[in-house]
Amino acid sequence: MRSLFYRIGYGLLFVIFDIRFLSNLDLLPNFIGYLIIMSALWSLRQQAPGFRNGMWAAGVLSLLSLPQILHPIGLRLNEVDLGMTTNGELAVVLVHGLLQLFILTSICKGTYHLLIMRGLHDLASSLTARWVFYFICSVYLLIVYPFALNIDIFSALLVGLVAALISIIMLILSFRSIGRELSKPLGLEV
């Protein structure tokens, strides 16, 4: 169980870090991160019903992320112009964001179910609080993002991006500790 939750965490690291070589080639491609997440959810799908939906969404996102290996889309904070070239790119970014939110919601829902079944109520409430923080940050970014095309809201966008980064790192750390807790045999308190 521990390795499955670690896999989810490593997959999320691939997704959140965008390291480009020669300005275009992504060294940590998102599609690999989504495939890692999908493989972990495939193994967890029998444990709780929430994991199955996230598995399919991760598969869709892995396909949507393939073109981004060579051609990144989205707001480029290191450029003067924060705008995108087409409305199609905006649509892809928003669908991508909604699917990412759906994946993490299903992972957290399935994990919450496992924690409650094991009697780990404190860890379940901690996960819920971290998920709510992530959800608020994600919805904020999904609302603000389209406005960044037309008006200069760099500071509002930057605050949202930093908060979202903090929230996803908090979730990754939660998944690591949850993996350790769920790996312990039932009835043993250490």
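All residue numbers here begin at 1 and follow the chain in the order shown.
Each Cβ is built from the backbone N, Cα and C atoms, and glycine gets one as well.
What TrEMBL says about this protein:
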type     : residues : note
TRANSMEM : 5-21     : transmembrane segment
TRANSMEM : 27-44    : transmembrane segment
TRANSMEM : 56-73    : transmembrane segment
TRANSMEM : 93-115   : transmembrane segment
TRANSMEM : 127-147  : transmembrane segment
TRANSMEM : 153-175  : transmembrane segment
Tertiary contacts of the transmembrane segment (27-44) (same chain, 6+ residues out, Cβ under 8 Å): 4-5, 7-8, 10-15, 17-21, 51-52, 54-55, 58-59, 61-63, 65-66, 68-69, 103, 106-107, 110
Return the stretch with the most CB pairs under 8 A relative to the transmembrane segment (153-175), choosing among 5-21, 93-115, 127-147. 127-147
May I ask for the residues of the chain that lie six or more residues beyond the transmembrane segment (93-115) and have a Cβ under 8 Å from a Cβ within it? 5, 8, 15, 37, 41, 44, 47-54, 57-58, 60-61, 64-65, 73-74, 84, 121, 123-124, 127-128, 131, 134-135, 138-139, 141-142, 145-146, 171, 175, 178, 181-182
